[in-house]
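Feature annotation from TrEMBL assigns transmembrane segment to 6-24, 36-54, 66-87, 99-117, 123-145, 157-178.
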Amino acid sequence: MEIDPLWLKGLMLLILTVYIGFLVRNRGNFNVGNGVVISAVAISFALSMALALFEKNGMNMGYVGLIFSSLAFGWIGGISGAFGIAVAAYSMGAEIQDVALCLVVCATAGGIAGTLAKRSQEFSNLLLASVLAGITVLCGNYGYLVITGMPTPLTALAPKTVSVVTGVVIGTAIAFYVRNLERWPEPIERKK
């Protein structure tokens, strides 16, 4: 099953355009100030990208940044973190279909975790949100491996599973700590 790389690049550009368009269009309609939104987007992107660039022996720490960003800043930070991981994958020479898969799966996971995390800052809620995000990443990658005809998808998925579980554990712990700080802003969302 061969997909034209130009279509995949177009899909990623469309996702980026919609995301930035949403942020710009609603810039005055968030529950926090514009400075906090810009800082959250920049920190989420940079943290996830920087951690993903230090991949060693198949261990990708970018998922720590993704989970932390989703839980600490809401779905807006999660999607920005997904872009960070995708940019890191692209800069490390991943094939374009892997980068597109990474962006779509991580953005979905970040959106799920961020949406659930805004409900409560209790540890059990944050853990549930991050576990569901991890399951989303792993199921998306497993589905892709099965569709492309990988003979042993579970074996190929093992390093990513370790990376995602590590991201869930560390990202949840850090997010729980910072969300309980006195001056930490609440997760970003649009005003109703």
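Note that Cβ sites are derived from N, Cα and C of the backbone, with glycine treated the same way.
Curation does not apply to TrEMBL; its annotations are automatic.
Within the chain carrying the transmembrane segment (99-117), a Cβ under 8 angstroms from the stretch's Cβ atoms is held by residues 8, 11-12, 15, 66-67, 69-83, 85-86, 89-90, 125-126, 128-130, 132-134, 136-137, 140-141, 144, 175, 187, all 6 or more beyond its ends. Only residues 6 or more beyond the boundaries of the transmembrane segment (123-145), in the same chain, are considered here, and those with a CB under 8 A from a CB of the stretch are 63, 66-67, 70-71, 78, 101, 104-106, 108-110, 112-117, 153-154, 156-157, 160-161, 164-165, 167-168, 171-172, 175-176, 179.
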